[in-house]
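Copied over from TrEMBL, here are the features:
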| type | residues | note |
| --- | --- | --- |
| BINDING | ARG29, THR110, GLY111, ASP112, ARG219, LYS225, ASN248, ASP249 | ATP binding site |
| BINDING | ASP245, ASP249 | Mg(2+) binding site |
| DOMAIN | 271-521 | domain 'P-type ATPase C-terminal' |
| TRANSMEM | 305-323 | transmembrane segment |
| TRANSMEM | 335-355 | transmembrane segment |
| TRANSMEM | 385-404 | transmembrane segment |
| TRANSMEM | 453-472 | transmembrane segment |
| TRANSMEM | 492-512 | transmembrane segment |
Amino acid sequence: MFERLAKSGQEFAEQTKEHIAEYADAGLRTLVIAYREIDEQEYVEFNEQFTEAKNLVSADREEMIEEVAGKIERDLILLGATAVEDKLQNGVPECIDKLAQAGIKIWVLTGDKMETAINIGFACSLLRQGMKQIVINPETPENKALEKSDDKSAAAAAFKASVLQQIAEGKRLLSSSTKNSEAVALIVDGKSLTYALEDDVKDNFLELAIGCASVICCRSSPKQKALVTRLVKSKTGSTTLAIGDGANDVGMLQEADIGVGISGVEGMQAVMSSDIAIAQFRFLERLLLVHGHWCYRRISSMICYFFYKNIAFGFTIFFYEIYASFSGQAVYNDWFLSLYNVFFTSLPVIALGVFDQDVSSRLCLKFPPLYQEGIQNVLFSWLRILAWLFNGVLSATIIFFFCIRAMQHQAFRKGGEVVGLEILGATMYTCVVWVVNCQMALSISYFTYIQHLFIWGGIVFWYIFLIAYGAIDPDISTSAYQVFIEACAPSGSYWLLTLLVLIASLLPYFAYSAIQMRFFPLYHQMIQWIRSDGQTDDPEYCHFVRQRSLSHTTVGYTARFEAKSKSSKERARDH
């Protein structure tokens with residue numbers, strides 16, 4: 001605002017700046033007020049240009065709006081400044097602390113003055129006493145003198161050179177702090193951010209910012225907020241989430257992968273532009289740590305299981321084709337092939353994707369590092385996907401060769417006849433249905449009546465279908481005609497073989513899960529372990545589990561407490 005003042009309107013500029021600094025130091029949000037009288041003709045011209053710029057749909061819409069606004073926001077006369085108290089919402093420091101424990105990098109993009117933003121950072125525990133701060137602010141006396149001169153290009157070059165120098169110094173400080181495992185905070189003002197986001201500077205700026213524990217960008221315009229979000233999203237490949245409550249946050253919310261709008265006193269623009277709307281900032285804690293973790297686990301488990309069940313089914317067909325010298329004869333009836341993914345195995349997967357909970361909501365909030373499994377992609381890594389593929393191939397191998405070896409030469413009927421293709425196909429299909437559904441039962445951590453209904457109901461429905469379909473005219477049921485009633489059901493070997501194949505197919509997975517749970521548990525399995533032992537309220541066990549988090553916490557009041565404890569121990573050791 002001070003840059004837009006007329007020379008005759010700066011009578012109280014220095015006093016106003018001093019007052020603003022005092023207000024900002026007190027943590028108040030400041031607003032500078034200035035005016036200019038314009039005639040009707042100038043307003044009409046401005047209104048036409050501004051309306052035209054707002055109606056643009058091109059990529060340079062924001063630049064055009066700023067350019068038109070700059071034409072009228074000039075030669076202003078300073079009136080004064082106001083300061084209002086804008087308290088943090090309830091639960092904000094606690095929420096930020098848990099998000100930090102969850103391994104989420106937190107950046108603050110605000111339009112407040114630097115002093116106000118720093119005070120907010122301390123209030124939220126994004127900053128703490130003794131934490132090294134890299135402050136990028138080109139407001140040196142030399143640069144201010146250049147800014148007041150008429151040589152704007154020289155002033156811009158000096159500002160940019162100052163920003164580059166401070167970024168280089170910050171990277172050196174960050175390098176030395178990293179060796180000592182010290183947390184560093186980066187604080188940037190809006191003018192510095194203008195030059196830091198230029199094409200030849202932004203990579204260095206981003207490298208510095210990523211290495212810092214917390215980043216605070218103050219005096220940021222709506223466009224700068226969006227550009228910072230775009231820079232992080234495009235250069236790092238990370239998933240970005242932006243949260244805001246005002247109209248100046250709209251660009252940032254739309255640029256981020258996930259936009260969360262807070263409905264409040266600043267209007268509904270942010271909510272209308274966001275993907276998700278919440279009423280208070282603290283609700284972000286449950287949205288991410290509980291529903292975010294559940295959603296990640298459900299989707300990753302569901303996709304892996306889809307691969308497993310289709311490979312287990314498909315490879316039995318493939319193995320039979322090899323056995324039959326690729327004659328083209330299908331081992332299963334046509335309707336068996338068609339309904340596998342429709343009725344017999346699909347509903348349990350849907351139930352897994354909707355209802356499964358590896359850890360309760362209370363424990364998700366109590367152990368925020370659990371969220372790091374999603375950030376590190378522990379449950380959907382290539383190793384885990386390949387493990388499920390291998391499990392599917394192994395199940396198919398056991399099912400096929402058990403059935404072939406048990407039925408190939410063995411008498412199946414009282415008269416001594418061996419089985420035909422229709423009995424072999426029905427038996428193998430029964431084993432597949434049993435194995436993939438029981439595999440689902442072993443994978444689920446949280447059973448509901450619906451999951452019981454879908455898993456065991458899918459198995460029961462297979463027998464009902466086999467009976468009903470086999471009772472239809474043989475012109476329609478073809479190889480499945482009376483195969484269950486007349487052949488499979490009366491035979492004890494059919495039921496015994498199904499049981500043996502089921503045990504043999506699930507035993508490798510069961511053994512692997514037991515060994516992993518006992519000797520190499522994942523983070524959620526450690527929580528399940530202490531829950532089953534009833535030790536979730538034991539401080540010693542809870543502290544032990546939290547210490548096994550995948551990444552170290554550097555911000556939040558938990559990190560502040562740990563830093564104080566560490567420094568106290570070091571002082572006691574020195575004495």
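Cβ coordinates are placed from backbone N, Cα and C, and glycine is handled just like the others.
Because TrEMBL annotations are produced automatically, they should be read as predictions rather than curated entries.
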Problem set entry | Pairwise CA distance, LYS225 (ATP binding site) versus ASP245 (Mg(2+) binding site), rounded so that it is a whole Å | 13
Exercise. What mean pLDDT does the predicted model reach across the domain 'P-type ATPase C-terminal' (271-521)?
Worked result: 91
Exercise. Taking 305-323, 335-355, 385-404, 453-472 as candidates, which has the most Cβ pairs under 8 Å with the transmembrane segment (492-512)?
Worked result: 385-404
Exercise. 10 Å Cβ neighbour count around ASP249 (ATP binding site)?
Worked result: 27
Problem set entry | Under 8 Å by Cβ from ASP245 (Mg(2+) binding site), same chain, sequence gap 6 or more | GLY261, ILE262, SER263, GLY264, GLU266, ALA270
Exercise. Hey, of the binding-site residues listed (ARG29, ARG219, LYS225), which one tops the CB count within 10 A?
Worked result: LYS225
Exercise. Which sequence positions outside the transmembrane segment (385-404), separated from its termini by at least 6 residues, show Cβ-Cβ distances below 8 Å to it?
Worked result: 304-305, 307-316, 318-320, 323, 424, 427-428, 431-432, 435-436, 439, 497, 500-501, 504-505, 508-509
Problem set entry | Residues from the same chain, set at least six apart from the ends of the transmembrane segment (335-355), whose C-beta lies under 8 A from its own | 298-299, 301-302, 305-306, 309-310, 313, 425, 429, 432-433, 436-437, 440, 443-444, 446, 448, 450-451, 454-455, 457-459, 461-462, 465, 469, 480
Exercise. What residues, ordered by sequence, lie under 8 A Cβ-to-Cβ from ASP112 (ATP binding site) and sit at least six positions away in the same chain?
Worked result: ALA24, ARG29, THR30, ILE120, CYS218, ARG219
Problem set entry | For the transmembrane segment (453-472), sequence-distant contacts whose Cβ falls under 8 Å of one of its Cβ atoms, 6 or more beyond its ends | 335, 339, 343-345, 347-348, 350-351, 426, 429-430, 433-434, 437-438, 440-441, 480-485, 488
For this session: For the ATP site as recorded (ARG29, THR110, GLY111, ASP112, ARG219, LYS225, ASN248, ASP249), determine the largest distance between any two Cα atoms, in Å, rounded to the nearest integer.
Result: 18
